[in-house]
Each structure stands twice: as C-alpha cells, then as structure tokens.
Amino acid sequence: MLDFQLSPLRFTQADVHSTARSAHCRRGRTRQADGGYRQTRCAFVGKPGGLDGGFLPGVSASGMGLRLSQKFVFLLFLSGLVTLCFGALFFLPDSVRLKRIFLSKTDTQPVTVGSGSENDAKEHLKRAKDQEHLRGITSGKGETSTKLKSLSRKPSVSHEATEERLAGGKAQEDLTLFRSKAESASERATFSNHGASSDTFSYNKFKQCLLKAPLGREQGRPSDPRTAERRDKVKEMMKFAWDNYKRYAWGKNELRPLTRNGHIGNMFGGLKGATIIDSLDTLYIMGMTEEYNDAKEWVQTSLDLNSNGEASLFEVNIRYVGGLLSAYYLTGEEVRLIDVHYPSLLVRAAASFIPTCWGWASAGSSILAEFGTLHLEFVHLSELSSNAIYKEKVMNIRKLLSKIEKPHGLYPNFLSPVSGNWVQHHVSIGGLGDSFYEYLIKSYLMSDKTDEEAKKMYYSALEAIEANLVQKSPGGLTYMAEWRGGILDHKMGHLACFSGGMIGIGADDGVPEKRQHYLDLAAEITHTCHESYTPTKLGPEAFRFDGGAEATATRLSDRYYILRPEVIESYMYMWRLTHDPKYREWGWEAVEALEQHCRVDSGFSGIRDVYATTVGHDNMQQSFFLSETLKYLYLLFSDDDLLPLEDWVFNTEAHPLPIIRDSCLQDGGAQDKTVSE
C-alpha cells in the first residue's frame, strides 16, 4: 500500500507580512512500490505587495472580501480537503481502481519478493493471510486437484534492479505454495510454464506423467518373507521414534530422549516442528496413517513459518521446503508454505548472487554446500507458484559457478559473497561441499535429462575429483581425500559417504566407455565406508588413511556418531542399481547396531564414541534420523517400485521430488505409461 504523508501547513505573522506572500505545503514523501520515496512539494504563490497583496493571482484580498483570519481558515479548509481526497484515494481498501487513474501502471502492481522494503512485503503477506486464513494441510484424496493461492507479482521490475535493492540488507523470501482441497477436478492451481503468462497445474495430470505409481503395487512390500520381516522392523523403529517424539517433544524441533524433553536450538531461526515436517513423507510411505494425520493436523493448526531469527538457509530449505513439497507431491493434499523469512539474503551483492551463510564461515564467506543446495527445491517452487524468481536465483548462482575460475577444475568450499571469488582453496566432498555435487547430477535427472549445463558441470567436477582427490590406501580401500591448496589431507568424512550413491545414479549417463568405471568406483567407495563402520557397526564422523590407519578415526573429536544416514543412503542406491545382496546385509547390520547402541527407553540417541566399550549417548534424536536414516533403510528392504528412481529424485534430506516432464505436462499428460489408480 502506498503511504502518502501531507505535512500540516504552518503560518506565522512573518509569513503573512512577507513580500513574497506565499504559502507552502511542506515536503512530503510518497512511498513507491519499490520501497523508495518520491519527494513532493506543493506551493500556492500570491502577488507581491503589502497586506493588500492578493492570495490568488489577479484577485486582491479586498476584492475577495477576505480578512487575514478568514484566509487562514480558508487555507486550513483547503488543506483538509486535499488530505481527505488523498486519504480516499490511497488508504481506503476499495481505492485500487482510483489509484490507477493517478499512478502509472507499473506503480500500481503489488511488490514482488525482494523488490521493495521489508515492510511492504510484510504488509502484502498480511493481506494474503487475512483473505485466506491459510495454514497447514487440508485433507484430500484420490482425485484431489490443487488450487494455488499465490501472491501477485510485479513483472515490470527487472532482475538486475531487484538485486540492487536487495544488496546490503536482509531480505525476506515468501515461499507461497500449494492449496489443495478435496474439490472437483475442475479446480486447478496456477502452474508455471517457463515464461508463459499462465497455465494450470492438475494433480491428476501430474500423476499421469509418472511412469509408475509412487507407492508401487503393494506399497513396495517384498515377496521374500525374511526381507519383509526386516522391513517391518524398520517400520517399528520409526513408530518408536515418532511415538516418543510425540509424547515428550511435540512441536519442538528434536527429541532429547534421555531427559525426555524437546529441543529447539537456533539453527532454524525460531521455526519449530522440524521433526514433524521431516517425517511427513516417511510416515506416508510406511503406511502409518494415524501418525501421518497427527502430523498433518499439527501443520494445519500450529505451523508458523514467520520467523525473524537467524537461521541456516541450507537447513530450512532442505527440511521445511523439501519436506512440504514432498508431502504435497505424494498425497495431493495441501502443503502450503507462506511467509518463510530466510535469515540472510538469498542472493547477495551485485555481481555474486550468492547467499550469505553462518557467521563462523571463513572471513564471512559463503559455503559451497549451502548456496549450491537450493536448485531442486527452488525449481519446484517456480513450477508450482508461477513465479520464476526462485529458479532465476538458483540459475544465477550456477551461472557464476560455471564461469568462475576453478583451481584444477575443483570447487573450493568457501566463496566471497561480495567479490564472487574463492576465499581459500579447501576442497571437500564431505562437509561444506558435499550436496553441491549431489544437486548437479540430481538437477539433470530431475529435468528429465534436459538440463545439459548441470550434466556438463557434474561430469567435469567428477573428472577433477578423480584426478585430484580419489586415492587408494595401502590396504586397497578407495577413498576421497580433502584438498587444501594443493596438499592432500588423507581424511574422509562420514558425510562424504553419500558419494557412493551419487556416483552410482550418475553412472549410466556418463560417456559410454566410462559407465562401468563409474559404477565400479561407486561400489568401491561404498565398500570403504562400510569398512569404516567399527566393531559396533556404526561409523565415526571422520576417518583417516595415514599413519598406518585404514578407515579409522584417529582423533577423539572424530569418533562420535549422530544417527547419520550417508552410508545407508549409498547402500540403498547400490542395491537399486545392482541388486547385490550384500547391500541389504550391510543395511541389516546397521539396523542391529542402531537397536543395540542407540535405542534408549524414550527414543534413539547418537553416541559419543563408536570405539568405546561403554556407550555414552549424546541425548539427541535428530530429525534427519526419521527423514533419512529410517527412510533409506525402509526403501532398502522394499521392492524397487516404492518411489521408483525413474520418477523421483531425493533431495539431500531424503525428501522425494518428482522428475519434471514438461512435454508430458504440456500435452495434457499423454504418456505411453500412466499411473494405475
């Protein structure tokens, strides 16, 4: 809404006797749509002269029969009339059409995200909330179609102008998604059509573009009784973890199982319910209907995504945005995101287009795995919201990374959001770098293998990784070292163990002569990570290959295990790709270890030392344990038609997102293979 300030008119005796005989309305400020102000001045100038000088041109005071006091009253009346007129035009709720008469077309459009001040964005979001009272999830079944409620956008504001206004301060990114009700199939949501003015999104059309039913023929239940029994055990673990979270930490971010209370922390900037959002799709695919409905009701009644705290952009994106997107695509029920305030600029500074990250990062720099792990979720936000800004921002990040000079073809972990240059040459496939590479190959797969730039960047990076980081230990174990300015650090983190699965799913799209090589490399890395799992069958946070060590944590600070999923994630992918039974056996070893060492009376807890004979617990049931670790185990013991890889990619929090088949969606869902209801 435009604010118009009209300062009161002030007169003194000196003003009255001035030879200039002029009356001025003082400078006012008109807030414009871009958040700036337009200075305005109005003036009524009289004829020079003494007291007989006329106030109006060509008309004397005596001719008008007005005394000084009457002139003053007249001016007050006139100023009041002007104020009343502008108030009617600019403040009354039904005055939008009147505004268009006086303002240009570009000034009348609502402010797009990031194009105006924070107050403008808040006011616009508040109006949307008041109109719709949107919150959470509304149930819908089978043929549910989706009705999208999205903010109006300002198309005339250029991306460059937007970035200039964003630079130097904190911005809020409203992520407005999906309203789905159990209404007639004729109701549709606005759907982006890559620059088209508007299109419609039909949930039924989306389902018809899937090659297989998301949950398979029998919800992925294996025919082998032993495998089915193991899958049932994983489901029981999920129920145990969920029930204790609900009993002792409902609405908090994580459960503290030893003290039987909840934990919020500061990673999410005051947002709550991380375990609930992270668990939505896991509960659904496991057929835990009652628990899923409880989670859905909490989102509907209690989820508040308005936060002014400082949070991790990375964590909020992969958990909250990814979790709600996934739940929508799997169920067709409303999963809405509104007013998510990202704690730092999503796109930082004029040239770099890189978001800032946590303050502990080197020299205030941005972290590769943070700004490089937005693409999957933001592409889907643009697909569903009819707003290209989300995809534009992640494409700008990729554009910079594609053209910037890379030492030996490698991507260092730290980059300056101001200069757009690398801050230091530390390269890791584990923490700080990991999911950037993961999102390159998954962006290519999610685009139905049309994103050629992502493919090129991924395989170029993989070649550089092989040439500089992949090593073979004296004992024959293949591992990924870290690179520090040309010097190898022979350490591999647990987080880097996802790379076995990543290289595996990308093997089939490499150059023909290297496809088998990539699959073999994926198997070797997964084997190394299995070997890092100690006699407790749980792995340390990091392990080394120097000083005679073979996949062993030599430092006390690296010996902990916090219920991480990366090794199990690679087991699942390698099982899907090869059907080698050893991956299921290794997964079952992990299940038994989790039961023996991490299960406590009121949930699951990480442990402080995987080598200790007496286990010490860290009193934290991480939300990703329910989202990733247990989900990957469940999929490992399920048939391949449960969330088939032909239709789905998993974000780095294991939330499944569908492959976007534009040609099918634009053709009305016509496919040779369609989903059976």
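For all residues, glycine too, the Cβ spot is worked out from N, Cα and C.
Automatic prediction, not curation, is the source of TrEMBL annotations.
Remember, it's a predicted structure, so these values are computed and weren't measured experimentally.
Which of Cys497, Cys598 pairs with Cys529 is settled by TrEMBL: its disulfide partner is Cys497. Looking only at other Cβ atoms within 10 Å, the busiest spot among the disulfide-bonded residues Cys497, Cys529 turns out to be Cys497. The Cβ of Glu566 (active site) has His494, Leu495, Ala496, Cys497, Phe498, Cys529 as same-chain neighbours under 8 Å, each 6 or more residues away in sequence.
All protein chains shown were included, and the count of other CB atoms within 10 Å of the CB of Asp434 (active site) stands at 25. Annotation for Thr652 (Ca(2+) binding site): spatial neighbours Ile318, Thr373, Asp434, Ser435, Glu438, Tyr439, Phe498, criterion Cβ-Cβ under 8 Å with sequence separation of six or more.
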